[in-house]
Structure formats: structure tokens, C-alpha cells
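Chemist: There's a structure below that I have some questions on.
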């Protein structure tokens, strides 16, 4: 049987929020089968729990935010991406502020935390959402068109194409394909950092965004070049970060997908719109388990390898 997974022990990290600039502590704790991933605002007089789901997403401005009533947790996508990449199903995330820490701007630190705590099997079947028909959302037209699509696939494959019209980005790979059956999330995707442009920083900070951003947790570019002295971690780091974000956004569904995801110029908003369209299209998917692990897609039966 393909089983659900959680952590063997708890693990802890301290950092700042990318957009809020606030100091924040997170503690990742094991959770029972069928719990899902639950964020807990432990800084409030009464702890508020927010279970991840596509409909819990309340805002997608520059990040994915989940909410329960007026209580929110911002920028959950990098931690969610690490959970997706390492196939962690059940987890409590205790958090002391309203934004997940950005750490180094990628999912690598979250991968390290999860693997350091240890990932263990649980005595419950892992439930997948398997696509049976194609679901697609689009916005805009012509050169400004954005789209994202989920199609039937025996496994989990993601392909993404970017178009930023910037010399530093244009000099790198514009499209990447990642397949869970043949690639290593920790090695191939997790280290890709978020990125931004100096010309946007003043505007973002006027809106209360990017207050914790800098060269130590993002790739920063002026009009012509990358400002980080160390350069890129991957030749195609920009588009790989979009894959990283998409994996996190899609894992907010609450169950792992068996599908081919493909997108052009998509972001947090369109990814969530795609999930909501998927939920609306009840004819386009089914929930499946694998009693025989041999029948499961490659890449899901074993625990994810370390670095």
C-alpha cells in the first residue's frame, strides 16, 4: 500500500517574512493520518488553525495567503512546495506571526528541515487526485496571454514557460520540464530562489510588500543584470522557481495530484483559479489509492532522497 507520510520528530526555524519583514518562528510537528497540512497561529490569545485547501486561499498578491476568518498566514508556497516535493501529507505548522519566513528565498531550507526531522510512513492509504479530463484556465490574449492546464498523466509532471523581456532572464532557460518519476526535487528544483527587480521594490514597499527582501533571500536585478555577487544556482533558476511555486500552489489542493501541469506566464492567482476550476469540474478527476505500490507511478513509492 502507498502510505501517507508525516515527520518522525519536530523541527524548528527562525527567520523574517519576505513581505512583512517581521521576525517569525515556525515549528513543524508530526500529525496523525488524514490531518493534512494545518497552519496554527500560536501567537494569538487563542490558537487559530487553518487547514490548507484551495478554497482557504484568500489572497494571491505576490504570494499565496490562506485564511480562516480574519486570521491569515501569508507566503505559504515555498513550505508547501517542499512538502509536495518530499511527499509529506500530514503536518502541523506552528507559526508566531502572519507570514512564513522566507529563509534563503527558495524551498531548500524547508527541505533540510523536513529531512532533518525524518519522514515516516503512516498506516493509512495515500489519496491522490487523478485527472481524467483536461482542465484549463486562461487570462488575457496575444502577447499578454497567461494560461495553466492540468491533463491526465500517470505520474506528476510540470512544465513551465516564462517571458519577462529582461536581458538577464532572457540569457537563461525560458522553459523547464520536471517529472517526479525521474527527477530529484531536492537537487533539481528546491534551491531555485524567488526573484525581483529593483524598479519594482519602491512600489512594492509602498504597498507594504517586500519589506524583508534582499540579496540574501532573493535574486535581485536592475534593468540589465543580476546584482547578486554569487550569480545563479541553476542556469535556468528563474523558470525553476516558477515550477517550485506552482508545486506549492497546487499542493494547497490538500491532496497530491496525478496529472501533467503545464503553464505559460502563470502565477499564484492563476494557479489557484486552476484549482478552483478543477474542484468545480467534478467530472474531470477522481480520488484514488494504491493498495499495490508496484502499480503506483514511479517516484511515489519510495521516500524522497536527500541531497
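Numbers run from 1 along the shown chain.
Glycine is no exception: its Cβ is also placed from the backbone N, Cα and C atoms.
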Chemist: Going by Swiss-Prot, 241, 245 bind Zn(2+); tell me which of 78, 154, 166 is listed for that site too.
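Modeler: Same Zn(2+) site in Swiss-Prot: 78.
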Chemist: Return the single residue from the recorded positions list (241, 268) that has the minimum number of other CB atoms within 10 Å.
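Modeler: Least crowded of the recorded positions 241, 268, by Cβ count within 10 Å, is 268.
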Chemist: What's the CA to CA span in angstrom from residue 268 (active site, proton donor) over to residue 78 (Zn(2+) binding site)?
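Modeler: Distance between the two Cα atoms comes out at 12 Å.
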Chemist: CB neighbours of residue 245 (Zn(2+) binding site) within 10 A?
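Modeler: The answer is 24 other Cβ atoms.
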Chemist: For a quick check of packing: other C-beta atoms within 10 Å of the C-beta of residue 78 (Zn(2+) binding site), how many?
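Modeler: Residue 78 (Zn(2+) binding site): 31 neighbouring Cβ atoms within 10 Å.
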